[in-house]
Structure formats: structure tokens, C-alpha cells
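Engineer: As annotated in Swiss-Prot:
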type	residues	note
COMPBIAS	348-359	compositional bias 'Basic and acidic residues'
COMPBIAS	360-372	compositional bias 'Acidic residues'
REGION	348-372	region 'Disordered'
TOPO_DOM	1-13	topological domain 'Intravirion'
TOPO_DOM	35-79	topological domain 'Virion surface'
TOPO_DOM	101-126	topological domain 'Intravirion'
TOPO_DOM	148-151	topological domain 'Virion surface'
TOPO_DOM	173-200	topological domain 'Intravirion'
TOPO_DOM	222-239	topological domain 'Virion surface'
TOPO_DOM	261-264	topological domain 'Intravirion'
TOPO_DOM	286-298	topological domain 'Virion surface'
TOPO_DOM	320-372	topological domain 'Intravirion'
TRANSMEM	14-34	transmembrane segment
TRANSMEM	80-100	transmembrane segment
TRANSMEM	127-147	transmembrane segment
TRANSMEM	152-172	transmembrane segment
TRANSMEM	201-221	transmembrane segment
TRANSMEM	240-260	transmembrane segment
TRANSMEM	265-285	transmembrane segment
TRANSMEM	299-319	transmembrane segment
Amino acid sequence: MAPSHVDKVNTRTWSASIVFMVLTFVNVSVHLVLSNFPHLGYPCVYYHVVDFERLNMSAYNVMHLHTPMLFLDSVQLVCYAVFMQLVFLAVTIYYLVCWIKISMRKDKGMSLNQSTRDISYMGDSLTAFLFILSMDTFQLFTLTMSFRLPSMIAFMAAVHFFCLTIFNVSMVTQYRSYKRSLFFFSRLHPKLKGTVQFRTLIVNLVEVALGFNTTVVAMALCYGFGNNFFVRTGHMVLAVFVVYAIISIIYFLLIEAVFFQYVKVQFGYHLGAFFGLCGLIYPIVQYDTFLSNEYRTGISWSFGMLFFIWAMFTTCRAVRYFRGRGSGSVKYQALATASGEEVAVLSHHDSLESRRLREEEDDDDDEDFEDA
């Protein structure tokens, strides 16, 4: 079947979005490379934010001065930036593969607006725009770290985390219910069936980045708060654990309540959350200033509680995943229900359309008779 006008418009818009995505990726890559050289317009290197040698857990914040707080050290920030860039590269390659398979294929499919259906399921223009926002906000986040502005670091970390979250949700749900998602999957072009596994890998990779960004945004928020309010550094270190626990629990619950229906294999956030916990441990173990005071007991208990929460939700996800694999009939039953409902709706729509056409023909016959 020849592509319709809707398919042509949607394909061109989607292609333009992918072109902008590639340009944004190149821009962010060049920015990260150049930001390692302070004499090229950047005041400082982005990966050296906090001087842990000057950190004092018992000291209060001094207004108009930079107060060191718990944050990622230089090695962690470089690894974080490189990993995020690899995630961006993988997502960009995924979109390019989808674009080649949809735009360059000779068999356009037998369904009306087949390309539009495929683009909507694999990642439409809005999802591509959200990914571009995620890359842009990450670039601004590293730029604020280069200027060492605590308030802006906290703000851009939160904005980047929000954009990455919305992009992940759009990749998982495609803005539709579970039954509608199953129906669109059943109408997917046969040549894209294998790419769905690539899409599952991309979803989990983005969730790994999201899990580690939970640690980053918790540190950044407390880092900004601690440099703008008269609080102790030790209290802000403990606040990092509280913020991390709240955000991670919300995401764990969303995965178990909603997202697991769309993508069965979802261990990416759990893996990223584990790496985030390790990212919290490293600077605390590396620098004795964290443990040589009265906050040692509170920090130890906080670590224990966070690892317990992580282990509990990870075990729950593993049990539900393997139990779901054992009962394969549920998936096909839901697919049949979704298809039946969709066919019933389409049949009702066709009957109404046929009735409307018959009425118009009768009216035309009456007018011809009157003219005669």
C-alpha cells in the first residue's frame, strides 16, 4: 500500500526531529570535551566541585562563601559524564536504526498509516524532543558545575532529572493505556519486531541513568540548600539519604504498579540505584572527615536502611518477573481482549460511516428527482 499523506507528514517531521537530535548530541559531546580545558572559556573544570579537604561536618554555612557539602568527587563526575554520554549515544543510534527501517523499507505494509503507527510505538517526534531536552539540560548541568554555582547546580540537576524522567515514561508507555499499547504492538510492521528488543534495552539503559541520577539530584539539592541556608553540613549529609530514599521509593512503586505492564524486563532503575548507593559510599569512605565525628552512627544506619529498601524492591521485581514468565497465557489473553475491543470500535465506526453515506446518497437522489 502506498504511503498516505498523513504518513508522509509524520515521517518528515520525525526525520527532522532525528536530525536535530544528532546535532544536539554532537553539540553536547563537543561541550564535554572542551569543558575539560578551563582556558577555553570555562572558569573551572566541571568535575572539581567540592574540596573535601575543607569539609567540616560540624560547621554551619557561611553566607556569601562556598561551603563544601557531600557531592561526587572528581573521578565519579568524570565517570558519570562519560556514562551519560554513552547513554545518549545509544539512544541516538536507536532512533537512527528505527529511521532507517521505517523510511528506507520497500514494503510499506498493508495497513493504512502504517508508518505513523510504527513511529508512534518506537518513539515519535515528541519523545525525540524530550530526549533533546534531556541532553540540553545535561549540558547546562555540567556548565553550572564549571561555574560552581550551588543554586544553579541544584536547579539544573532537578530539571535534567525531570526531563529524563518524562522521556523514560514516554518511551515506556507511548502516552497510551496498556491495552492500547498491546494493540499497536500487534499492528507493528513485521520488520520492526526485532527492533522492539533493542527498544527494551534502551529503556533499561535510560533507567540505569535515571537510577544514578537519583543520587546526583539528591546530592545537588542538598548541596544548593546547604549553601543558601544557615544549616550544618552534617545535617545536609543526612538529608541526602532522606531525599534519595523518597525519590527512589516513588520510582520503585511506579515500576511495580504501572510500568511493569508495558516492559516486562525492567531492572535498569534497580541497577542504577545500586550504582548510586555505591556513589554515596565512595566519598564517605574515601574522606575521613565524614566519619570522624558524631554523625558516624547516623550515616551507618542510613546506609543500612537504603540498602535494605533497595534489596526489598529488587527482590520483589525479580520474583514478579520470573513468575510472569511462567504464566505466558496472561499476555496473549490481554492481547486478544485489546484486539477484540478495538475491532468492535472500528466495526461500529464503519457502520456509522456507511449509514451516513447512504443517507447522503438518498438526499442526492431526492434532489435529482426534484430537479427533474
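Glycine is treated like the rest: Cβ placed from N, Cα and C.
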Engineer: Sort out for me which stretch, of 14-34, 80-100, 201-221, 265-285, has the most Cβ pairs below 8 angstroms to the transmembrane segment (127-147).
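Structural biologist: Answer is 14-34, with the largest number of Cβ pairs below 8 Å.
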Engineer: Could you give the residue numbers and ranges of same-chain residues that sit at least 6 residues beyond the topological domain 'Virion surface' (148-151) on either side and whose C-beta is under 8 angstroms from one of its C-beta atoms?
Structural biologist: 43-44, 49, 66, 69, 223-224, 226-228
Engineer: Counting CB pairs under 8 Å, which listed stretch among 14-34, 152-172, 201-221 touches the transmembrane segment (265-285) the most?
Structural biologist: 201-221
Engineer: Across the topological domain 'Virion surface' (148-151), what does the pLDDT come to on average, as a whole number?
Structural biologist: 86
Engineer: May I have the DSSP-based helix, strand and coil counts for the residues of the topological domain 'Virion surface' (148-151)?
Structural biologist: 2 helix, 0 strand, 2 coil
